[in-house]
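A.B. asks: Not my notes, these are from Swiss-Prot:
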- 75: active site (ACT_SITE)
- 141: active site, proton acceptor (ACT_SITE)
- 73, 107, 170: Zn(2+) 1 binding site (BINDING)
- 107, 142, 356: Zn(2+) 2 binding site (BINDING)
């Protein structure tokens, strides 16, 4: 079945139109123009925000009262080797198993289509709804994420924009649509560590200082350290070394320097400052000549049970009969930026089994369920 098939539902038709636009990050490939046309027709005021090379937009419909925002991204990751795909990644085909195939089908153009169609239907059914509905869309989520949601949120906060609730369309489900929702994320703190030694000949180790030998005990202690116990919402903080580089490429030269990249995924039981101090104390304990450059990608955030989480859970239950399991596992998302506005944030999207993979796909019928879940959530919060 192709994207032009007359038998496609409004959600699948729009999802296919979006997938057929090759919006490899940070490109948008006119996905947002398509979405904005639909939202403008539904009575939204539009505010495109191009920041550096990134396309973003903010759209809002309604008056005073609580604001429910739908957030997401139009950019996708690169395809990988085209010959490995069963169907071309931007053809947007539905196979004989009922799977919508294509880059972005799960992450996250399927969610975007479900959001738009759900909102169109809600506005038609409830033209005088309470509060306001908003959209915050970027083309810089899969890339550096400097000029996307983060920058838009800064502008919105500076002018006092209100955001009470936000649904981010990230693919949160694991096996069945709606089985898991993300009600928070761990923080991410990365670092580049440099250990300085003295280069020399391997036959004369007394004239050199081997930074590999010097660093090994400290790295082992960092890897074994118990950082915290986590809590009811978050697992314990984890520390992982992701890169280790040293040496000249020669077997007879003791290197003069070692660099290590490492990352913390941390819970609300730890702070950035606390983790940094503990790392630096361990490095000092081992008498190392060290330098570290820290990079904070995001702080942990948590949406506890309340209006948004209750409405989402009730909608999933009504549509699928499932009890959604709240989770804070996985990587970071743009929800970390939106949460800084004091917003209740929940991530809800399709099954994530094939995201970023060759042959990315999502069950077409799941997008219909997702559309209905979004619609029912709108009804519960704003009808």
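Each Cβ is built from the backbone N, Cα and C atoms, and glycine gets one as well.
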A.B. asks: Rounded to an integer, what is the Cα-Cα distance in Å between residue 356 (Zn(2+) 2 binding site) and residue 170 (Zn(2+) 1 binding site)?
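C.D. replies: Rounded to a whole number, the Cα-Cα distance is 12 Å.
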A.B. asks: Please report the number of other Cβ atoms within 10 Å of the Cβ of residue 73 (Zn(2+) 1 binding site).
C.D. replies: 33
A.B. asks: Report, as a single number, how many Cβ atoms besides its own are within 10 Å of the Cβ of residue 142 (Zn(2+) 2 binding site).
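C.D. replies: Step by step: centre on the Cβ of residue 142 (Zn(2+) 2 binding site), count other Cβ atoms within 10 Å, giving 22.
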A.B. asks: Tell me whether residue 73 (Zn(2+) 1 binding site) sits in a helix, a strand or coil according to DSSP.
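C.D. replies: Looking at the DSSP assignment, residue 73 (Zn(2+) 1 binding site) belongs to a strand.
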A.B. asks: Please report the number of other Cβ atoms within 10 Å of the Cβ of the residue listed as 'active site, proton acceptor'.
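C.D. replies: Other Cβ atoms found within 10 Å: 27.
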A.B. asks: So, three-state DSSP: helix, strand or coil for the residue listed as 'active site, proton acceptor'?
C.D. replies: coil
A.B. asks: Could you state the CA-to-CA distance between residue 170 (Zn(2+) 1 binding site) and residue 141 (active site, proton acceptor) to the nearest Å?
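C.D. replies: About 11 Å separate the Cα atoms of these two residues.
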